[in-house]
Structures are given as C-alpha cells and as structure tokens.
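As written in TrEMBL, here are the features:
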type     : residues : note
REGION   : 1-20     : region 'Disordered'
TRANSMEM : 30-50    : transmembrane segment
TRANSMEM : 70-88    : transmembrane segment
TRANSMEM : 95-112   : transmembrane segment
TRANSMEM : 118-137  : transmembrane segment
TRANSMEM : 158-179  : transmembrane segment
TRANSMEM : 191-211  : transmembrane segment
TRANSMEM : 246-264  : transmembrane segment
TRANSMEM : 284-301  : transmembrane segment
TRANSMEM : 313-332  : transmembrane segment
TRANSMEM : 358-382  : transmembrane segment
TRANSMEM : 422-443  : transmembrane segment
Amino acid sequence: MASLTQEQEEEEQKPRTTQLEKPWRYNSPFVQVSLVGLVCFCCPGMFNALSGMGGGGQLDPTAASNANTALYAAFSISGVLGGAAFNLLGPRLTLFIAALTYPLYASSFLYYNHHKSQIFPILAGGILGVGAGLLWAGQGAIMTSYPPQDRKGSYISLFWTIFNFGGVIGGLIPFALNYHRTSGATSVTDSTYIAFMAFMVVGALLALTILPPSRVVRNDGTRASRVVYSDVHTEWLEIVKLFSNWKMLLMLPASWASNFFYTYQFNNVNGKLFTLRTKGLNNVFYWGAQMVGSFGIGYLLDFSFTSRRVRGLFGVAIVAALGTAIWGGGLANQLRYTDGEWTDLIDFKDGGRYAGPFVLYFSYGLLDAMFQSLVYWVIGVLADDSQILSRYSGFYKSIQSAGAAVAWQVDTHHTPLLTQLIINWVLTTISYPLLALLLIWAVKDDKTPAEAEAVAVPVPVPVGEIDIQGKIGSGKTSV
C-alpha cells in the first residue's frame, strides 16, 4: 500500500471538523478494537469453546490432539511471519483471510463425526495454524498500537472481554444441544459443529470492517500510526532480528507457557472429570472468568499507580501470587487421580462433589486471562508503532504456538498428568521475574501532563468522515 498522496497530505492540514469526543466514532480506537474483539468472538472464541470441551467434542482426544499439534506447529511459523503479512497487506485483508480458516477447522470435526478419519482434521489444523498466525499478529498490533499509551490496559481488557464472551456463548452451544445426552454419548452432535461454523463465517465478514492504522484517530487528534506498508526484504530482516532482541528473549518463557497449559486444562481436567453436557457448562464459566480477570488486571495496569513501571511490577506480583495459589489447588486436585483415570464422571447437578473441581477450572480461566493480558500490556508499552508491535505480537504468538504444539504431543504420548501440571507451574513461575526485569530495564514511565502537553502534536483529521472502506469522505456524516 502506497504512502498518502500529496492531495491527501494537503487535505490533512485543513482544520479539524470531526467531533473527536464522540464515543462511537467508527474511526476511533474504541470502535476498532471492539470490532477486532467481535472478529475474535466469532472465530478463535468459538474455537476455544470447541477445544475447551476436551478432544474437540470427541470422547477420544487423539484426533483433536494431532490436529492441534499440526495447528500449533504451523502457527509457530506463521505467527512470526504474521507481523510481516500485516505490514504488507494491511489489517483488513490479513484478518479476513485468516478468519476463513476457522470454519474449515470446525467442518473437519463434523466430517470426523461420520468417517473417523484423522486426515481432514489434521490438514485443517495445519491450515488453521497459518490463519491463526496471521490473525493474532494483526490483532496484537491493533490492540497494542491503536489505543493511547495511558489506556492500553483498558483496551486490552475491552478486547479480552469481547473475545472471551465468544467462549461463553460457545460453551452454551454444546451445553444446550447435548443437554439430554448425559451418558453413553461419544461426541457432540452435528448441529453443534454447524453452529460453530456459522459464527466463524460471520467473524470473517466482520474482518472487512477493520480500518488501517493511518485512518484511526484518537480522541486527542493523533493517529494510531501513519504506516507506509513495508516490503518483503525489510520484513524478513526485521523478523530475523527478533531472535536476537533481548526484550523478546526475556519474554520467551512467558510466551512458551501462555498456551502450554491449555492441553492439560482442557483434556485432563474438563475433558476427564465431567459429563459431556457439564463440559460445555464449565466452558461458559471458564471463559466468563477470563472476562473478569482481564477487566481486573487491565484496570490495575492503567490506574493503580502513577508510575507505569510500578503498575507493571505490581501487576506481575499480583498474577504471580494468584498463579501460585491456583496451581497449588490444581496439585491438590490432581493427586486424586495420579493414574489419569476418573471413571465416575461429575455432573453439574452433583452439588458438593461438583463445587471443588468447578471452582478450580473457573480459576484456571481467571489466571489465563490475567497472565496473557499482562504479557500483552508489557508488549504494548515497549513501543507505540503498529509495525514494530505487529512483529512483537507475531513473535509472542509464534513462541506461544510452538509451546502449544509440544504440549499437545506431550499429552498424546500419555505423559503422567502430575508431570504435566508441574511443567505448567514451573513455566509460569519462571516467567514472572523475567517480565519484572523487562519492565525495569525497558519501560519508561509516562510523561507528566505538562510534558505530554508540551510535546503533543496532534495529526489533523481529514475533512469529512471516514467511511467503511477507510477512505476520506467529503459529504454526508456517518457513524
């Protein structure tokens, strides 16, 4: 995409006429981040609900584990390349192409319901891995670069809440459609997979509503970024540099750990302990807990202290303390079935017998959101440029996905569940002091209000409104 034309540059110098204080401006960071959240509500949100049932809704998790291994192996490569795709293609096309791979994956399990062949799910998993790398690199760049610096935690919470509401709705789908199948059922119904596919297609269409960074205007009049899209050679060099970037190296354990625990939690807690319908209900609360956790940590990271560095360190301390308590509870639960066998499945109507494992699974969701929101916030305060942040986000998702690919194979090879839990606990624990060092060494405190006012030079907004295609309008006003 070429840089702004001379005519557009001259147009931008004209006085502002747009009322930037309007909360629902289409070209505002709030609306654009919300739209990205809706895309992820429909696509990865529904994927999470499908995966969260354990085994992709199948009694035997082998097909889902192999499909997810292919998915995350491809994701580990496409994730680091996703930032380059975002910088070359722009957000709209990148997210649209990526979102189309999600309904393909769901359809592969509809196929598996009838033919029991793993070929289609594994192939669809690999294709989804490529698409997911593109989607999450683009999402990360938008979520961390569109908002103003002093509100990144709040916008991360906004995204995470919308995104995980998809998991909540997605959890209700199998719960409702399989409610009367309390025993003897080996997989969810065909209608469950079809419902997931319908949501995912809608998500792909919503991706076409995303504006490029140069068209997104903050309330103070500054643009999110004035991007001149890069070339392949430049992007390749920048990707290579990431692997020697000390900031990214300090984030390696957190990146690796951040999806590693899903396999254990989905397959070996929710998947092993509960009846089919209860798995879906549990996911409603697992992803609901993520909404609560992301809101809480986002508020803390934006408003708890004046110093941004202190806010970050306090956030690390809170997540570390909570994580230690939750994994400790997970250890107590895991010691009840160290052989990996749990024959008397728990139903949500079982009262006290259901309460303890339910609270643990809810807490796992809470910790996941707080951990990942913290990491995204740290990425967001390392830079304010969408090109740089797309690469950082892509690197994060790449390492995250490599860890997830290994985790799915660890489970497929029947690694003792107690060992899996300890590995997850150790990985997250190692992450906390390294994130603290990154905050101490790399994050500068916010400017004082007087300093910010002295250096702020708002970028003028073009006369007229910005339409759904991101072009400059010159007549009717649209919202």
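Including glycine, each Cβ sits where the backbone N, Cα and C put it.
When the stretches 95-112, 191-211, 284-301, 358-382 are ranked by Cβ pairs under 8 Å to the transmembrane segment (246-264), first place goes to 358-382. Of the recorded ranges 95-112, 118-137, 158-179, 284-301, 422-443, the transmembrane segment (30-50) has the largest number of C-beta contacts under 8 angstroms with 158-179. The stretches the transmembrane segment (95-112) and the transmembrane segment (158-179) are not in mutual contact, being linked by fewer than three Cβ pairs under 8 Å (pairs 6 or more apart in sequence). Beyond the transmembrane segment (191-211), the same-chain residues lying 6 or more positions past its ends with a Cβ under 8 Å from any Cβ of the stretch are 26-27, 32, 35-36, 38-43, 45-47, 49-50, 57, 91-92, 95-96, 98-100, 102-103, 106-107, 109-110, 113, 142, 166, 169-170, 173-174, 177-178, 466, 468, 470.
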